[in-house]
Amino acid sequence: MNRAAHSLSLLFILLSASSVFGGHDYGQALTKSILFFEAQRSGYLPTTQRVKWRGHSGLSDGKASGVDLVGGYYDAGDNVKFGLPMAFTITMMSWSIVEYGKQLAQSGELSHAMDAVKWGTDYLIKAHPEPNVLFGEVGDGNTDHYCWQRPEDMTTDRRAYKIDPSNPGSDLAGETAAAMAAASLVFRHSNPSYSTELLSHARQLFEFADKYRGKYDSSITVAQKYYRSVSGYQDELLWAAAWMFHATNDEYYFDYLGENGDAMGGTGWSMTEFGWDVKYAGVQVLVAKFLMQGKGGRHSPVFQRYQQKAESFMCSLLGKGNRNVQKTPGGLIFKQRWNNLQFVTSSSFLATAYSDFLASAGDDLSCPTGDVSSAQLLSFAQSQVDYILGDNPRATSYMVGYGNNYPQQVHHRGSSIVSIKVDPTFVSCRGGYATWYSKKSSDPNLLTGATVGGPDAYDNFADERDNYEQTEPATYNNAPLLGILARLNSGSNGYNQILPVTPATPVAKSPPVPQPKRTPTPASSAPIAISQKVTFSWVHQGKTYYRYSTILTNKSSKTVKDLKLSISKLYGPLWGLTKSGDSYSFPEWIKSLPSGKSMEFVYIHTTSPATISVATYTVA
């Protein structure tokens with residue numbers, strides 16, 4: 001077939017596929033994606049366990065090291081507990097809940113998602129028995145990969161590996177601190193004592209990571225072949241600081257982000273990937289959120305540079321940047337052949353969240369080839385999820401158990417061997433390979449919700465158990481999907497994601513927005529022009545809330561100093577000014593307003609604009 005004919009054939013397949021798919025059941029996909037985590041559980045399974053073909057496993061983990069390391073998650077199709085990807089999985093599940101908890105609740109899956117987080121954090125607490133000690137792996141990939149056994153049967157070495165001041169691992173400790181901090185937000189209201197416990201561990205782990213610096217795979221060398229930290233640890237230190245600031249509002253972490261952003265690469269790297277190793281894009285999106293919330297303060301110039309890189313990442317995903325991500329002919333983000341879908345789900349989560357941040361702020365995305373609306377960015381994330389769920393040239397769902405055509409021979413020990421509940425006969429190390437691994441039949445146990453590695457650069461996929469690059473699933477493939485699927489399942493309405501108030505429940509029709517007028521100013525305020533506008537509104541518990549942006553512009557030829565504003569009829573929180581007595585002054589990071597320059601502050605309340613006037617000022 002010639003190239004033109006091939007292209008026409010591919011186009012016909014894509015058009016035919018698009019005509020028959022017609023939408024996905026995101027709620028069903030969400031339910032299944034969370035169920036996968038129960039199949040990955042290690043330790044004593046609870047009575048509430050829904051994946052019935054699994055049994056207890058790893059019940060002596062940590063015993064030889066004098067510590068209880070029972071529990072946690074197997075990372076993929078093997079029986080090793082790798083600390084770095086496990087912690088990243090928990091961070092991303094938690095971020096999904098932090099951003100889309102209400103949508104998860106509407107889907108009926110919030111409690112299951114929180115259970116999935118807690119199964120991981122309970123283990124991380126055990127793995128951190130002392131402030132400067134963290135166990136980062138149980139078992140090792142070499143001996144584990146020599147065997148093909150159910151977790152319930154495994155006879156492989158279950159040695160535990162740790163980091164400490166003599167053998168540091170800032171990336172591992174930093175990611176674990178991020179996981180603990182993010183999870184503390186998840187449990188803040190429902191289980192405050194547990195949230196406090198998580199935050200205590202997170203503080204200790206951040207200090208440990210920052211004080212004793214080094215790459216974890218130089219200390220836990222058995223991890224190098226499987227989860228080498230190529231990016232180093234500076235991205236994890238910034239990532240951890242961002243989550244610590246999110247969870248605590250502590251100025252120490254705020255300053256850490258502001259003072260180290262440039263030196264540690266947070267403001268320098270224009271990324272085209274995000275995942276368990278490289279966290280920069282995640283940091284940049286999170287800091288951009290803080291900036292949009294009005295939390296930039298004296299570090300606003302640095303935070304703006306983080307945001308510029310976050311937007312560069314979004315533009316690269318859309319193919320509208322200076323350096324764009326590669327895509328398959330079917331439109332899927334492509335980074336590498338081995339488990340490519342991990343990058344697709346993580347990047348799509350960032351795009352989903354950032355689209356809602358933009359919508360909340362009333363902004364568009366500015367790319368080198370033109371502006372992009374928040375709706376377009378969300379639509380791109382949806383296209384990636386739809387591809388995974390079956391809208392692709394092969395019409396294959398890469399989520400096991402979703403749709404009619406999904407992988408049957410998953411590279412996964414537990415699913416490929418008959419359940420111990422059905423046949424308790426011991427499966428030996430090499431016997432598993434001989435009897436089960438080499439079988440060309442479908443898995444005896446359905447690994448519901450597992451997102452496998454996915455297709456190659458040309459949308460090709462071979463459903464074969466020994467094709468581990470494409471048919472092996474992983475927890476960190478699924479974790480970002482929790483938030484995306486909850487968001488997509490909730491419909492096309494916008495959400496207030498950036499303001500520090502309870503996210504709104506969308507309504508079909510909002511009351512009319514009060515139209516702000518240019519605020520009149522007395523004669524003494526002639527140098528300062530004041531303008532206000534509504535940038536966002538939402539309804540919560542029957543009340544309509546408005547976010548007002550107020551711009552102060554120095555119209556004089558001189559620098560204004562010692563400005564004092566009088567603000568009346570203000571009935572909500574305000575960011576970007578310092579209150580002193582009955583008046584408001586410049587925030588501490590601004591000492592004066594030069595000629596022709598402007599500054600912004602924002603406030604929220606449920607009525608017409610506040611009355612703002614200049615009380616006093618001096619010029620220099």
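Each Cβ is built from the backbone N, Cα and C atoms, and glycine gets one as well.
Just so you know, TrEMBL annotations never went through curation; they're auto-generated.
Per TrEMBL, the feature signal peptide maps to 1-22.
Among the features that TrEMBL reports, active site is placed at His411 (among others). Note: His411 (active site) has non-local neighbours Gly77, Val452, Arg465, Asp466, Asn467, Tyr468, Thr471, Glu472, Pro473, i.e. same-chain residues 6+ apart with C-beta under 8 A of its own C-beta.
Taken from TrEMBL, the feature active site covers Asp463 (among others).
According to TrEMBL, the active site annotation covers Glu472 (among others).
Sequence annotations record features per position, and here TrEMBL assigns region 'Disordered' to 503-525.
Summarising the annotation, TrEMBL assigns compositional bias 'Pro residues' to 509-519.
Sequence annotations record features per position, and here TrEMBL assigns domain 'Carbohydrate binding' to 528-608.
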Surrounding CB atoms that lie within 10 Å of the CB of Glu472 (active site), all protein chains: 22
All-chain count of other Cβ atoms within 10 Å of Asp463 (active site): 17
